Amino acid sequence: MIPLRDNIPSLHTPTLNYAIIILNVLIFFLEMSMGRGLDEFIRVFGFVPRNFLLHLEHGNAAAAVIPIFTSMFLHGGWLHLLGNMWTLFIFGDNVEDTLGHGKFLLLYLLSGVAACFAQLFSSPASPVPMVGASGAIAGVMGAYFSLFPAARVLTLIPIFFFVIVEVPAYVFLGVWFLLQFFSGTFSLLGARADIGVAFWAHVGGFAAGFLLLRLVAPGRSRILRSQS
């Protein structure tokens, strides 16, 4: 499912949302300029569960913690980048509009942290670097799910041929979350171990965004839901 647009207008320019998108794009260009040094760069600044635990074991807190944040701004390819940035463009503006710049950034970063820990718990021995903003963006989606459940999302569904439908946000985001959850469960059972997608990071990020909203803006979800 690919979101094309929603029907919730922004009251203010989502400056921070745009800044995050631009920063991710610029960093991706930096990645593309590295040539053969890119693999080592990703290994150092991507989040590697096994390395995180080893760094903690040896008392190197900085080496353990820094990749949690840097990994949120790295991507594995153009499609990875475009998919993430488009999703953030669709859902991030309204969440920033509601929370304001500071709380939006806090929710975004903490959701990304939660995503890393969710992936850590699901595969603590993994030597594979996890990169991408999708865990943090999943947190934005979790907040949107709570804030605007009745919003309408125009959605492209590629099933044999392209179908465009408009569905409530709670349907789009609920189905997306369930797909991540069940795909993550299958990956733990070994059914999809080699697919290369951090499903549990998505699940953890979404759940974190949903819950963090109640900390950074208590009562806000209930108010907006009643207005939808």
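Cβ from N, Cα, C; glycine included.
Keep in mind the model is a prediction, meaning the values are calculated, not measured.
Feature list (source: TrEMBL):
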type	residues	note
TRANSMEM	15-32	transmembrane segment
DOMAIN	65-216	domain 'Peptidase S54 rhomboid'
TRANSMEM	104-122	transmembrane segment
TRANSMEM	128-147	transmembrane segment
TRANSMEM	159-179	transmembrane segment
TRANSMEM	199-217	transmembrane segment
Leading contact stretch, 104-122, 159-179, 199-217 vs the transmembrane segment (128-147) - CB distance under 8 Å: 199-217
Integer mean pLDDT for the domain 'Peptidase S54 rhomboid' (65-216): 93
Cβ contacts under 8 Å made by the transmembrane segment (199-217) with residues that lie 6+ beyond its boundaries: 98-99, 103, 106-107, 110-119, 121-123, 130, 134-143, 145-147, 173, 177, 180-181, 183-184, 187
